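Reading through the structure tokens given below for one structure.
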């Protein structure tokens, strides 16, 4: 059952039309109207995963997910840029994940960020990343990974952790901006690639055209990366613009992109 935005009542949706696999309605940008945006999205056939970047936003993601019987899910994790000034408490995050295991579908947003102002914290980022990869293995949850200017190191760390026995780490490289060689490395490890509004700014045509459709996820990263067709704050309903761009590049229909990526999300996140 989904919430009808116009009436506030529950209505049945025969199928999931879209899944925004990376949204941040748990951030302060949506503090005043998160419920309104969620219900508008659900009424438009868009399911979503709200992704934490700190413990506080991870808690908020779980809180939002618990309000809805389906269609709103949470990922919990400590973002690499916040790993600089916030300690990662393994047991607290584990406890949060287990507090509502049906709603927490991934560990994220985790990863490595080597942008100039964060590069001095490389070793701290690595330590926190490895702890969260271990948590994903213990809980058998996929990861949602942020990677900027650090693909070679990230690939090395995932491969190293996967040598320590089952289950293997799987998940999505969120907001993928790498090249085709890097994309192939992730695909070979069983990962999905997530695309959002950044595809309107960077030339990712080769990667989008060559990546198997069954390994593509679509996302908004709202409130960030608003597609050029809209202004102001991004939101889950704008996922359709990303699908349109992918459909254009692959010479297929938007419906094909929507159906395939929704099925991919359901498979990876077990929703």
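Cβ coordinates are placed from backbone N, Cα and C, and glycine is handled just like the others.
According to TrEMBL, the feature divalent metal cation 1 binding site maps to 22, 24, 109, 221. When secondary structure is read from DSSP and collapsed to three states, residue 109 (divalent metal cation 1 binding site) falls in the strand class. The C-beta environment of residue 109 (divalent metal cation 1 binding site), restricted to residues of the same chain at least 6 apart in sequence and closer than 8 Å, consists of 22, 51, 52, 53, 75, 77, 79, 144, 145, 146, 174.
Of all Cβ atoms in the shown protein chains, 26 besides its own fall within 10 Å of the Cβ of residue 174 (divalent metal cation 2 binding site). Following the DSSP three-state reduction, the secondary structure of residue 174 (divalent metal cation 2 binding site) is coil. Residues or ranges marked as divalent metal cation 2 binding site by TrEMBL: 146, 174.
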- request: Mind giving me a neighbour count for residue 221 (divalent metal cation 1 binding site)? Other Cβ atoms within 10 Å of its Cβ, every protein chain shown.
  value: 23
- prompt: Hey, of the binding-site residues listed (22, 146), which one tops the CB count within 10 A?
  reply: 22
- prompt: Excluding 22, 24, 109, 221 themselves, which residues in that chain have a Cβ inside 8 Å of the centre of the Cβ atoms defining the divalent metal cation 1 site?
  reply: 23, 51, 53, 144, 174, 175, 219, 220, 222, 224
- line: CB neighbours within 10 A of residue 24 (divalent metal cation 1 binding site), counting all protein chains shown, number 23
